[in-house]
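Enquirer: Below is one structure. I have some questions about it.
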Amino acid sequence: MYTVGILWINIKTLCYNVICFYNNHYLQVKDMQKPARDFSEVKRIVVKVGSSSLIYDTGKPNLARMEMLVRQLADLHNRGLDILLVTSGAIGVGFNRLGYSQKPKSIPEKQAAAAVGQGILMHMYEKFFAEYGVMVGQILLTREDFSDRRRFLNARNTMYALLGLRVIPVINENDTVTVEEIKLGDNDTLAAQVAGLVDADLLLLLSDIDGLYTSNPKTDPGAIIIPMVTEINREIEAMAGGAGSSVGTGGMSTKLHAARMAMHSGLPTVLAGAGSEDIIRRVVAGEQVGTVFWPSVRLDNKKRWIAYCAAVQGKLHVDEGAVQALLHRGKSLLPSGITRVEGVFDMGNTVSVIAPDGREIARGIVNYSAGEVNLIKGLKTRDIQGVLGHKDYDEVVHRNNLVLDI
Ligand SMILES: Nc1ncnc2c1ncn2[C@@H]1O[C@H](COP(=O)(O)OP(=O)(O)O)[C@@H](O)[C@H]1O
Ligand SMILES: N[C@@H](CCC(=O)OP(=O)(O)O)C(=O)O
């Protein structure tokens, strides 16, 4: 058993080394031939800064860091680029001002901290940007601002108006009013949503870590940085651990989720260290810093909306045959593959499709209500009419309304 264990560790180490050699050497050489880091055409950037980069663990703001980032953003703005800043930190700054020794646990206390902290945060940005003659405008968003078409267009119009007036939108989640059902929950996702909303050319996630590593470098000293990712597959996902500080939310998982959303919107994401010297300018100049997530297949607007904006109203649990049919044979979801229904939804709502191992394998728009799917699950398509008294569709979710690889 012991020998098998040692052998397994050696194989894992060898695999890591091969991956890292490939990433560090071959991909960088390839980068040089194919200018993957050529951001010279970039006109609009969404920059997200995490709490861990703006606040010390005590909850006191890191003023030097904030000033340094603002100077770089103001400079890009002066160069004529459109900059949108997604900033975390309201809860962190707020809990300190309220006299808590650490981030509170209860939702009302976090909301109170956000209410106090958001004002302080905005005041600091206003002050720092004003030193460079740059105006800022606050925008606070919830998930409904992306899932509701009217609100989506409203938010977009406001952002375009601000950019047109050469104002930098400073964006955060509206934590004071967001309850579970309407919250995005983390600003990495928010930044990716904003990048899609304004059709940005680049998403830059600045954190207390300088890139994606093979595992969490704060707990694994052997972790190695990955300079480029072209597909966020299960191996990459397995590398992501939780937050690295008491003020961060989500850790690497939410950054990968954000990068995947951006990839599906056709735009690159760079994850880099907020504390590195001149980091924003260096990323935009195409230097090999941090991890770049390169876009692959661009989903059309409808599928992007299903995957990332629509509120998920329920779950359809399916059997292995349905998993194979959806993932590998490009099929629609028929009643015969459905084993269980969760949630209350109507025809036209968005649902998650769950594999037998509990993984979400797809998201799509349903053609039948939860009650109806409950009655026809496991049945053949030809039985729908007899059971429901009507059959408007053969499929419970048509493949045109289905997004795989969420
Ligand atoms: N594979 C990984 N590579 C790099 N960092 C990781 C990884 N897994 C987990 N982390 C942790 O993610 C943290 C960054 O996420 P988070 O604390 O939420 O920061 P932010 O406040 O910038 O959003 C890092 O400090 C690190 O500890
Ligand atoms: N909206 C919250 C931050 C949520 C969040 O995602 O935090 P982080 O992981 O630090 O980017 C706040 O302003 O405190």
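Using N, Cα and C of the backbone, Cβ positions are placed for all residues, glycine too.
According to TrEMBL:
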BINDING   K48, S207, D208, T249, G250, G251, M252, S253, T254, K255  ATP binding site
BINDING   S88, D175, N187  substrate binding site
DOMAIN    314-388  domain 'PUA'
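What's the neighbourhood like for these features in this structure?
Expert: Cβ neighbours of G250 (ATP binding site) (same chain, under 8 Å, six or more residues apart in sequence): G185, D186, D188, G242, A243.
Around the Cβ of D175 (substrate binding site), a 10 Å sphere holds 24 further Cβ atoms from the protein chains shown.
For the domain 'PUA' (314-388), residue counts in helix, strand and coil come to 28 helix, 23 strand, 24 coil, using DSSP.
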Enquirer: Which of the binding-site residues K48, S88, D175, G250, M252 have a Cβ less than 6 Å from any atom of ligand 2?
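Expert: Result: S88, D175, G250.
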Enquirer: Using a 10 Å cut-off between Cα atoms, which of these binding-site residues sit near S88 (substrate binding site): K48, D208, M252, T254?
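Expert: Checking Cα-Cα distances against S88 (substrate binding site), the binding-site residues within 10 Å turn out to be K48.
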Enquirer: Rounded to a whole angstrom, what is the C-alpha distance between T254 (ATP binding site) and N187 (substrate binding site)?
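Expert: So the alpha carbons of T254 (ATP binding site) and N187 (substrate binding site) sit roughly 8 Å from each other.
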Enquirer: Around M252 (ATP binding site), which residues of its chain at least 6 apart sit with Cβ under 8 Å of its Cβ?
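Expert: Looking at Cβ-Cβ distances below 8 Å from M252 (ATP binding site), excluding near sequence neighbours, one finds I209, L212, N216, M239, A240, G241, G242.
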Enquirer: Report, in whole Å, the straight Cα-to-Cα distance of K48 (ATP binding site) from D175 (substrate binding site).
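Expert: K48 (ATP binding site) has its Cα 16 Å from the Cα of D175 (substrate binding site).
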Enquirer: What does DSSP call D175 (substrate binding site) in the simple three-state scheme?
Expert: coil
